[in-house]
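Annotated features in TrEMBL:
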type: REGION; residues: 1-20; note: region 'Disordered'
type: COMPBIAS; residues: 1-10; note: compositional bias 'Basic and acidic residues'
type: DOMAIN; residues: 26-107; note: domain '5'-3' DNA helicase ZGRF1-like N-terminal'
type: REGION; residues: 121-145; note: region 'Disordered'
type: COMPBIAS; residues: 121-139; note: compositional bias 'Basic and acidic residues'
type: REGION; residues: 163-209; note: region 'Disordered'
type: COMPBIAS; residues: 190-209; note: compositional bias 'Polar residues'
Amino acid sequence: MSYAVKRAETGHPGTASADPPTSALVRDFICLYSHDLRRKQKRWQDGKLKYHTFNKRIMVYDDRGGFVGDAYWSEDYEFGEGEEFSLERGSAVVQVCDCTGSREQDLTAILDKRAREVEKRRETAAVRTPARREQDGRSHLQPRNLPLNAVVANPGAPIGRAVVPDKSPYEARMTSVEGSAPKRRKLSASPPSKSGWASSLFGTKISLT
């Protein structure tokens, strides 16, 4: 059984219209609900239930109008009296009692909201696409990673081993000192003797004792 909906009138009567429905039935029920999911003897509370035929959404309220939870009817047969189900949000089990009536719901606001959401998603996707293309273009302009042989100064040398010299720095320094020519010792002039100094002072040879 399909749910009753009304479609917007078009200017071509007698032809099939592809326009979405503009209204749908909302059915009101009396229900019982309980949060005792694991207890055999459940404590039931009075509540109200609204079933939206447009999207098969079930909304449960307490007797004061407070929201209890909701769920979506996923069975292939029509929702009605005598059904028992669990809420997807609200952690409660619900028993459907008598139907108290039905009314038409205007879907214009819902359809407009969906259209705005779809348009917003399209705009977001359109903004992300050029940014992603620009990022991909920048990645192509980045320098290519060079191999290790092109970076190492001496590609023929074994990688990962240090070149150890034949001689230590101390041995090399000692070899350099031993190989160099010995320096000549500088001879300093001997100081003048006392007799010579007196002879030059008095002009005659004086013997000092």
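Every residue gets a Cβ built from N, Cα and C, even glycine.
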DSSP helix/strand/coil residue counts for the domain '5'-3' DNA helicase ZGRF1-like N-terminal' (26-107): 0 helix, 47 strand, 35 coil
Averaged pLDDT, computed only over the residues in the domain '5'-3' DNA helicase ZGRF1-like N-terminal' (26-107): 92
